[in-house]
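Inspection log for the structure reproduced underneath, given as structure tokens.
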Amino acid sequence: MAAVFDLDLETEEGSEGEGEPEFSPAAPSPSPASPFPALASPPQSWPIACQLPFVTLSTPGPSSPAWGEGAWHLPWLLPLGFSQDVCPLAELRAAGLEPVGHYEEVELTESSVNPGPERIGPHCFELLRVLGKGNYGKVFQVRKVQGTNVGRIYAMKVLRKAKIVRNAKDTAHTRAERNILESVKHPFIVELAYAFQTGGKLYLILECLSGGELFTHLEREGIFLEDTACFYLSEITLALGHLHSQGIIYRDLKPENIMLNSQGHIKLTDFGLCKESIHEGAVTHTFCGTIEYMAPEILVRSGHNRAVDWWSLGALMYDMLTGSPPFTAENRKKTMDKIIRGKLELPAYLTPDARDLVKKFLKRNPSQRIGGGPGDAADVQRHPFFRHVNWDDLLARRVDPPFRPSLQSEEDVSQFDSHFTRQTPVDSPDDTALSESANQAFLGFTYVAPSVLDSIKEGFSLQPKLRSPRRLNGSPWTPISPLKFLPFEGFRPSPGPPEPLEPTLRPLLLPPPPLPPPSSTAPLPIRPPSGTKKSKKGRGRPGR
């Protein structure tokens, strides 16, 4: 992507902005009086290419080499002491500026806009622990050791190009996942900090969600109380609504893909099965997802839209409140048959509002399903089950989560599966050479989050924080929810702003335009291998 900018630098002491650049489309600007010898009148604007310690940008050079030999018009990018528009060529070269007489296009990537000498790559991160493994690679806990945000903890997802390029659908979905992570910003969706690549691997640097998977906590507790389930379902509803507003279907909602941050708020992760550009009235036909949470219209391949996410949320709600998904059997075929035509059995201890919401989520006709109409998430939010939720406080994360992970430091991995965390973290050698044509599939993969650049000015608090132990209102194994007998007074807003490690994201008032659709879809993305999770007896999770 080529770009031309005007840069105004305020260099006097006390000037507003303290020398911070302001970018705007290049345009001729009036030239102040020059202290240098008078020269022939220059053209209105001659942008040049400048090499500065912080950034390299190129723009069109002069068409007349005769004038270019004497002086250059400088609408932007002068070091301290060169605030005038016209100066001799010798003075430019003495200051380390070298003009060019042609047009050059420079892609704005992390290598061209990162402050300082930082060039982001695997060498910038120290491997700490293994957090998970999948068919295409690993997920590590890492520490930043070079460049900006040194010392900060991230999760690094490493994907092998050689395995991805074998299938065009895998390639398309890898690209779609990276694009969605870049474009979607929401308090309850995992944040992408960097994306980069080497000859044989792709790297996604994500915020580290030290609270672990919701799956782990659900396995540990067996079932949730209704107020606990209501909290998590409410945050997930806001996240799904935001994705849908941008034409994105999630399609793989399940406890393993919902993680908790250090404060106990949820974050959706793993966007490998998402489908983009599915707006009102559009459908897609890809068979994908996790069987127990999959909507019947996906199974029968009749075409599906965003309503499949509300079926999955209903299956997850049932799982939280009863201990297993609503339709399970000893094998995949029988499970699918139950989803398509089986009878929904609801425990007697569920409150009337919970029973009603589950039934409306699990309507087999998508057009009759709650959330399946034009109102989408707004229809779900209006259901009486959520009557006590203050949605504004929830979005701003001013509501105390029912469970706050007890963590001793930022590096604490006690909430993750020890099957992975006890392994020695090793990023295997990058020894697979791809052809030039194969690497074309990954052009533009590199990304640096704006928040990373902003952190240079704002800074972060990296002190370890002691977390309070878990607070429970009662035994989650109680077969009768207390809400059936006691009025629920809503969630108590927590005092003060969120902690500095997890800044609140301002909700978007208007969604950005939808991303262009990938050419095809892909099978399942990275997730821990089947059989590695220990299933609690009675939870009814076949195959796990």
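Cβ atoms here come from the backbone N, Cα and C positions, even for glycine.
Any TrEMBL annotation is an automated prediction that lacks curation.
Under the heading compositional bias 'Acidic residues', TrEMBL lists 7-21.
Summarising the annotation, TrEMBL assigns domain 'Protein kinase' to 125-386.
For the domain 'AGC-kinase C-terminal' (387-457), the model's average pLDDT works out to 83. The annotation domain 'AGC-kinase C-terminal' is assigned in TrEMBL to 387-457.
According to TrEMBL, the compositional bias 'Polar residues' annotation covers 415-426. Residues of the same chain lying 6 or more positions beyond the ends of the compositional bias 'Polar residues' (415-426) and with a Cβ under 8 Å from any Cβ of it are 127-133, 140-141, 210-213, 216, 260, 405, 407, 528, 532-533.
The compositional bias 'Basic residues' annotation in TrEMBL covers 533-544.
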Study note, to complete from the structure: DSSP tally for the compositional bias 'Polar residues' (415-426), helix/strand/coil in that order, comes to 4 helix, 0 strand, 8 coil
